[in-house]
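Peer 1: Encoded as structure tokens, here's the structure I'll be asking about.
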Amino acid sequence: AHFNKKVAVLDFVKPSSQGTKWGLGGTCVNVGCIPKKLMHRAALLGESIQDASVFGWNVPTDVQLDWNKMSELVQNYVKSLNWGHRVQLRDKNVEYINAYGTLVDANTIKYVDNKGIERLLTAKNIVIASGGRPHIPEEIPGALEHSITSDDIFWLTKPPGKTLVIGGSYIALECGGFLTGMGFDTTVMVRSICLRHFDQQMAKLIADYMENHGTKFLKKCRPQKIEKLSDGRLEVSYTDKKGNTSSDIYDTVLMAAGRKPETSGISLESVGVKTDPETNKIIGNYDNDHERSSVPNIYAIGDVLHDRPELTPVAIKAGRLLAERLFNGSKVKMDYDKIPTTVFTPLEYGVVGLSEDEAIQKFDEDSIEVYHAFYKPLEFAPVGRDVSQCYIKVICMRDGGKVLGIHFLGPIAGEVIQVFVHIVGNMYERWRESFRYTFSGT
């Protein structure tokens, strides 16, 4: 629209398995980054209140969270963002259509609104940015009927109570972390490993910290069935790595066993848009254009694009650069390499670049050099907070000092990792010598 092109946005939310739906703005705004970080903040404030008494503040010893008040604040803020997006689209003369669209051909979309009225829309260029939704394993009896997902947790109208989180993903650990921080009895059931696509040393430190601070873990366990009892609670049966079967009763079961792209219901295959058979994501990089699909005028950005980071700011940047290429003569493409991200577990994890395992696989162990140290955050020291998992490591090439990965575990890791990215730049040698001096060459 900035380039005076006629633009329409189709946006329609199918209700979750529990009937939850939301407004304009996608996953990040409504059921992802924004409400997640606000609830993470609410949990951290509970710890800060306890710290405050050590610093001389007269605070009550028994402080409890009002879930309804907190969730109402989060939901109202999200709704304000929904409204803000509507206003921005209107101000930029973008037509907003609250309807579900499917492809008819490479230039035609059929859409059906909530009244069942069907219409056709034609366009020179089409961008698929339909994102993904949480996956609920339907092979587990009772999972679809009785478990909630991250689509629901931020919109609950009552406290979740005793909660089982199923999964080892960053969503599982983030939700498990803030629920524990809010005072709820929380267990995380992990089938194999935590944070599969992250550095495994850091993942273990995160799980250790959470376990030391009240989150229970059922490791190497698989859910077998979820049954609803007469009092409304949920009985979960599961097996451990030895095949032994156990069960426990929970008020809420949160399924965080991965996400799947919203590509199956929009007729991509009928117009020739190729998807990866394993991930069902759109394959890009045709004609050396990262976002172009196998159909020349159909593009994909965000979580539906195969082999790309599932991060909202990345999708926004990719979309802006795509518009510049289509309508402003630009040749600049999105650089998907070395993008910083943060996992908002109770002890935050900021990372950019390769994990240690990835660096070893890509080069070899003798070619890399790892600088690392445990440290004590100043704000943790006077109040006696556990610092045994506060840790930093930087992975470099042994020859030339090129930085391959930076990993930071501690308070405000998201902000810290951004600062690191700016500081390091290309000053590899000078920075490496500084790091060697600071951490005594360990």
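Using the three backbone atoms N, Cα and C, a Cβ is placed for every residue, glycine included.
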Peer 1: Looking at TrEMBL, which one of Cys33, Cys175 makes a disulfide with Cys28?
Peer 2: Cys33
Peer 1: Using DSSP, what's the helix, strand and coil tally for the domain 'Pyridine nucleotide-disulphide oxidoreductase dimerisation' (339-424)?
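Peer 2: Reading the DSSP string over the domain 'Pyridine nucleotide-disulphide oxidoreductase dimerisation' (339-424) gives 22 helix, 29 strand, 35 coil.
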Peer 1: I'm trying to understand the geometry here, so how far is the Cα atom of Cys33 (disulfide bond) from the Cα atom of Leu173 (NAD(+) binding site), in Å to the nearest whole number?
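Peer 2: Leu173 (NAD(+) binding site) has its Cα 14 Å from the Cα of Cys33 (disulfide bond).
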Peer 1: Can you tell which of the binding-site residues (Gly101, Gly167, Gly258) has the fewest other C-beta atoms within 10 angstroms of its C-beta?
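Peer 2: Ranked by other Cβ atoms within 10 Å, the binding-site residues Gly101, Gly167, Gly258 bottom out at Gly258.
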Peer 1: Take the Cβ of Cys28 (disulfide bond) and count every other Cβ within 10 Å, whichever protein chain it belongs to.
Peer 2: 20
